[in-house]
Amino acid sequence: MMLSRAKPAVGRGVQHTDKRKKKGRKIPKLEELLSKRDFTGAITLLEFKRHVGEEEEDTNLWIGYCAFHLGDYKRALEEYENATKEENCNSEVWVNLACTYFFLGMYKQAEAAGFKASKSRLQNRLLFHLAHKFNDEKKLMSFHQNLQDVTEDQLSLASIHYMRSHYQEAIDIYKRILLDNREYLALNVYVALCYYKLDYYDVSQEVLAVYLQQIPDSTIALNLKACNHFRLYNGRAAEAELKSLMDNASSSFEFAKELIRHNLVVFRGGEGALQVLPPLVDVIPEARLNLVIYYLRQDDVQEAYNLIKDLEPTTPQEYILKGVVNAALGQEMGSRDHMKIAQQFFQLVGGSASECDTIPGRQCMASCFFLLKQFDDVLIYLNSFKSYFYNDDIFNFNYAQAKAATGNTSEGEEAFLLIQSEKMKNDYIYLSWLARCYIMNKKPRLAWELYLKMETSGESFSLLQLIANDCYKMGQFYYSAKAFDVLERLDPNPEYWEGKRGACVGIFQMIIAGREPKETLREVLHLLRSTGNTQVEYMIRIMKKWAKENRVSI
């Protein structure tokens, strides 16, 4: 955002005597400070001259320019707004004011100021970005057509590609510019950032190294390096990369401090999230998403939903997270509407051209079919990236359910037993599906042991019902009878007696057929005696008679 220098910024023939000159100390010229990008020094010089009455024309514009490049947008705004109130205000001031509004997030004001400026490439680039902010595709394409094959315009286009998740298109532009301008080192950071977004973390590191060799203390580059380490290794390795930043970040670079604090929360697995992330929600875009993830991990689905419900998703990550939150809330509330919204979000991402062949895209399609209960389709997608998630508990949980739901309970059992998370292993969905797998795989005793480890609750009652009914269907009458016996004691429902009676008769038949040990009859009689039904005595009499005839001790 360079200001026109049609009028000299320093020394227009007016000579002033300065006491410090007499002492032989040379005051630096504004041009020298600007060429060195010493914006703090430039502001100091301009304010000093203003204070001693040596203020020159356009001083306020130069202060605004320097403040803008220091990231002090409020100060820049103050200077530019004052400049627009002057007579014969240069129309170029309006585009500088508009850029300042833009960086303050005041997009409506930025657009109004931008249209007051004279037409220029900078004005077009600004309006191009505003059209993206407003999701106005018609205006976006209109300003896109005005872009020229010059570096600034092409960088602006690459930026829009990046923000629209068109990372490869952005990379192509950056690489083309770098071919002719090797000195534009910072473009390597942009390329590395694109590769990071494409999940090519090792490639991102290689490209980033080119820049860090020349600028080893770059805040943005070191932060990106830390993020790559987080993805490639773990949070501890990433935190080590940030240590030098935490030690050296200047007090004036407040955004860097906020970025570091934000990323440390992520690297530490959410530690300190409630203290750090809420104030950053409207400062760092990812802060809102990471706070939502934190709430989900704490099982606070309602808070997660409250934080994301008004967010209009524009990136795959935002669509995915809205899908996850709606799915979780739908399950918690039994809401079909939320489940349908989740399914639509997942389908939108998984079916998009840019995401369909990525792992997140395939995860979305698996989730979509999971919600539709089309488990054969779920497995097609899960199998396509299974090798990347062998030790991932969440993947194994979903994979096991899909396998069990399609009747492959043997592989379902294997996947369930790979899960390490104690929280997940105590979840009723896990317990009920694993119990079902055990029963279908002719291991009813293991299913019964799952129940014995549970405390008395509504969930343990439900698991008893599952064991009782599924064991009955599978002809595993002994554990079916035991389950129906406990159910009958907890709830004198006639249906439980009928189930228990049928299971006991089933065991008796299996004993007669030699498919069950004769000693089991003693326990069957014990189960029957615990019921006060009139049919019990008749059943016991028949069983005792058979036992006597077959010399079975009861």
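Note: Cβ is positioned from N, Cα and C throughout, glycine not excepted.
Taken from Swiss-Prot, the feature region 'Disordered' applies to 1-24.
Annotation comment: Swiss-Prot describes 57-90 as repeat 'TPR 1'.
The repeat 'TPR 2' feature in Swiss-Prot is assigned to 92-125. Model confidence over the repeat 'TPR 2' (92-125) stands at 94, taken as the mean pLDDT rounded to a whole number.
Swiss-Prot lists 151-184 with the feature repeat 'TPR 3'.
Long-range contacts of the repeat 'TPR 4' (468-501) within the same chain, counting only residues at least 6 positions beyond its ends with a Cβ under 8 Å from a Cβ of the stretch, are 435-436, 439-440, 442, 444-445, 447-448, 451, 461, 507, 510, 516, 520, 523-524, 527, 530-531, 533, 535, 539. As annotated by Swiss-Prot, repeat 'TPR 4' applies to 468-501.
DSSP states for the repeat 'TPR 1' (57-90), grouped as helix (H, G, I), strand (E, B) and coil, give 23 helix, 0 strand, 11 coil.
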